[in-house]
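Q: This is the structure I have questions about; it appears just below.
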Amino acid sequence: MSNPYSSVTVFDANEDHSSKTVPADTLAFQDFSGHPEADPAARPNPSHPSSGRANVYDPDAELQQRLAGSQGWFSIDAYSPYFDVETKTVVERCWRTMYPKDDYVEVVLAGQPDLYGPFWLPTTLIFILFFASSLSGALTSYLHSQSYDYDFSKLSLAVGLVYVYALALPSCMWAAMRYWAGVEGRTIPEIINLYGYGLTVFVPVSLLSIPPFPFLRFVMALLAFGLSVGFLVRNLYPVLAAAPAKTGRILLIGVVGFHAVFTLILYFSYLSIGGNFEDVVIAPSPAEDVGTVPSPP
């Protein structure tokens, strides 16, 4: 059917009551079936956020790369990819420090270091040290029939000691390796992973030091030192041995020395607290003295 009108006047509902005359041809129905935007499958569906990804739970790799690379180290968003790690990965990285047969950085980390484990593990160690030493001291005081007062200054000491060793010292070690020894194959997160995950063995050793057996405590501390320092030397020696500056091997002496001082402080401040069973003297209870007949002179 033909259109009998040549133009249509459209009135605006605003206060000025303006009108506009448009050709009638523009009001005819048009066919958009051939336009690519008319296909519903070609348009993104806002109700399905997984469109464009294999899984809705998969992280946006492009966003993570942009945050890690372009924001810089002084941006909080730059560190978010380092905390995007699964629990099973953290547990495996902790366990692999117990038998360092492979290169930890190349094989275990595989170019994907994280900062969740190196922060979570020292934090756990801090509370385990305070809990184990307090429980051991309370147990020994109870066996000696004495009262026990919790020393919360040891908690502050553990916070400063462990965080400085696990976070600040690796940064200084990386700077020495990079600018003094000329090592370019390691990054700060990788060195922090070595020191952070390397403290794994001290967690069970702290718990095993609760019973007041001095010899057992000494053996456990010696075992923890041997495993942890062996892990550090196993992963740092090949890099320092291949460094342009041959004097970079001297850094291994610093690694062993600082680790020995760290272990000694832990041992004398936490692991050896509580005395031993041999010092316990069990006094007879007052009920045992009732009804006893004194021997004749």
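Here the Cβ of each residue, glycine as well, is placed from N, Cα and C on the backbone.
Just so you know, TrEMBL annotations are computer predictions that nobody has curated.
So TrEMBL has the following annotated:
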REGION    1-56  region 'Disordered'
TRANSMEM  119-143  transmembrane segment
TRANSMEM  155-180  transmembrane segment
TRANSMEM  192-210  transmembrane segment
TRANSMEM  216-237  transmembrane segment
TRANSMEM  249-270  transmembrane segment
Q: Between the stretches 155-180, 192-210, 216-237, 249-270, which one has more Cβ pairs under 8 Å with the transmembrane segment (119-143) than any other?
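A: That would be 192-210.
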Q: Do at least three CB pairs under 8 A connect the transmembrane segment (216-237) and the transmembrane segment (155-180), leaving out pairs fewer than 6 apart in sequence?
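A: They are not in contact.
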Q: Let me spell it out: take the transmembrane segment (192-210), skip the flanking residues so only those 6+ beyond its ends count, and list any with a Cβ under 8 Å from a Cβ in it.
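A: Residues 93-98, 104-105, 109, 113-115, 117-119, 121-122, 124-125, 128-129, 132, 135-136, 139, 162, 165-167, 169-171, 173, 216-217, 220-221, 223-224, 227-228, 231-232, 235-236, 266, 270-272, 274 contact the transmembrane segment (192-210) from elsewhere in the chain.
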Q: Are there residues at least six beyond either end of the transmembrane segment (249-270) with Cβ under 8 Å to its Cβ atoms? List them, or say none.
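A: Residues 129-130, 132-133, 154, 157-158, 161, 165, 169, 173, 176-177, 180-181, 202, 206, 209, 217-218, 221, 224-225, 228-229, 232-233, 236-237, 240-241, 243.
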